Amino acid sequence: MTKNNETGWNLDNSYTTLPQSFYTEIPPTPVSSPELVKLNHSLAISLGLTPEELKKEAEIAIFAGNALPEGAHPLAQAYAGHQFGHFNMLGDGRALLIGEQITPSGERFDIQLKGSGPTPYSRRGDGRAALGPMLREYIISEAMYALDIPTTRSLAVVTTGEPTYRETKLPGAILTRVASSHIRVGTFQYAAARGSIEDLKSLADYTIKRHYPEIESHENQYTALLQEVIKRQASLIAKWQLVGFIHGVMNTDNITISGETIDYGPCAFMDNYDQGTVFSSIDTQGRYAYGNQPYMAAWDLARLAESLIPILHEDEEEALKIAQDEISKFSVQYEKQWFLGMKKKLGLFSNEEQAHSLIEQLLKMMEKYKADYTNTFRSLTLDAIENTALFESPEFKEWYKLWQSRLDRQEQSKENAYEMMKNNNPSIIPRNHRVEEALEAAVTNDDYSVMEKLLEALSNPYAYSTDQEEYCIPPAPTNRPYRTFCGT
């Protein structure tokens with residue numbers, strides 16, 4: 001581990017303790033004229049880095065892959081994945097892990113350059129990234145962080161001064177992504193597919209030591225690992241559902257073992273409440289639709305359990321039984337977390353059957369009347385019932401009476417109920433049309449002020465500030481249907 005005292009780089013490279021089949025050491029491909037267009041000051045400080053130093057030319061060169069900080073050990077990680085149900089051997093095709101930053105408090109975070117050039121896993125890709133998708137990941141990941149949803153984060157975006165070719169010629173960029181780690185379900189699938197039990201054990205042991213040290217002394221630590229990942233993913237997916245977030249590409253290589261949201265390619269936030277909502281242009285069958293996300297998470301975790309079977313128990317039948325038993329617990333854990341969250345969104349403290357009924361009735365009405373998901377809960381939180389089709393309907397008025405009666409009968413005061421609602425119903429989300437406006441201004445006009453203003457508003461989604469109201473307006477019909485693209 002090497003410390004650079006001026007900037008604060010304090011890099012370690014524990015991933016290289018794994019068998020070399022898990023990665024390929026390769027330097028980033030330099031770019032012609034890098035320019036820093038966005039730096040995350042608060043994240044930099046939390047990592048032990050000095051923002052003013054990071055703005056200097058020598059540090060911008062690091063974000064661009066033209067130079068490396070002391071102690072860096074760039075590598076591309078190997079992994080596999082079920083992509084829309086089809087298994088492939090994959091790997092970092094346009095990203096490099098340059099090291100693991102050890103923070104002043106002793107935490108460890110991967111520092112990854114995304115768009116840093118081709119690797120042995122690029123599969124005919126150019127290894128580069130376009131500015132628009134990198135800024136989009138910055139905006140959405142930081143919005144997720146502010147919403148208190150576990151996520152990878154974005155430290156910096158630099159333009160490369162070079163074009164990137166997709167359907168059209170686009171400005172190139174590199175994103176510096178920060179994550180608890182980049183170990184995925186697909187990493188375990190990769191180890192299992194190669195057939196080496198020793199490699200699989202090495203990966204599991206490393207993962208436990210890094211993310212779940214509390215289970216190292218467990219009688220069967222590999223079963224405990226599966227249990228912990230299931231628990232974290234159940235909590236994560238519930239949090240997605242509660243704010244209307246649609247990931248769009250829940251392939252097994254995009255499911256982290258740490259329980260963080262990763263890969264913001266074709267993601268978006270739901271406007272009108274609809275279980276079938278899909279934004280991704282490549283998800284033509286609706287595999288990863290909003291209502292399918294809990295089921296797809298369970299499916300992905302079943303692939304993790306399959307990969308762990310060789311080390312869950314020496315008897316294969318017993319190992320299979322363990323895997324099945326643990327996976328069956330996901331739905332119960334997810335439902336528990338989701339129900340708890342929905343109760344908070346409606347100011348309900350009790351666990352009784354009427355709470356279930358109130359939640360189900362409201363969601364059915366919201367879907368029937370195509371009500372805006374975020375704004376419906378925002379209006380209920382403010383007790384400001386507006387002139388919408390939902391709120392004007394006779395069935396909602398009846399529901400509202402029942403809900404108010406339930407709030408009146410609780411031991412806790414109504415003030416406490418509304419305060420809980422305020423803390424669990426964001427007044428603002430990264431509305432898709434607002435994100436596109438910010439990206440258009442930045443990419444086309446080199447105007448980052450729209451993005452900065454949006455990021456400022458998104459940084460405190462539970463504030464209910466009058467400054468945020470312009471961002472609460474749903475998209476006009478001309479902005480629909482909204483489509484997202486992975487940007488690869």
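Note that Cβ sites are derived from N, Cα and C of the backbone, with glycine treated the same way.
Long-range Cβ proximity for D126 (ATP binding site), meaning a same-chain Cβ under 8 A and a gap of 6 or more residues, is found for R94, P118, T164, Y165. The ATP binding site feature in Swiss-Prot is assigned to G91, G93, R94, K114, D126, G127, R177, R184, D263; the stated evidence is sequence analysis.
Around the Cβ of D253 (active site, proton acceptor), the number of neighbouring Cβ atoms within 10 Å comes to 25. Look at Swiss-Prot and you will find D253 tagged as active site, proton acceptor.
The Mg(2+) binding site annotation in Swiss-Prot covers N254, D263. Counting only residues at least six positions away in the same chain, the Cβ atoms of G81, R184, G186, H247, I262, D263 sit under 8 Å from the Cβ of N254 (Mg(2+) binding site). N254 (Mg(2+) binding site) carries a helical DSSP state (H, G or I).
In this structure, of the binding-site residues R94, R177, the smallest number of CB atoms within 10 A of the CB marks R94. Close to G91 (ATP binding site) in the fold, though at least 6 residues off in sequence, lie T24, A76, Q77, A78, Y79, T119, P120, Y121, each with a CB less than 8 Å from its CB.
Other Cβ atoms within 10 Å of the Cβ of D263 (ATP binding site), summed over all protein chains shown, number 22. Between the CA atoms of D253 (active site, proton acceptor) and R177 (ATP binding site) there is a gap of 16 Å.
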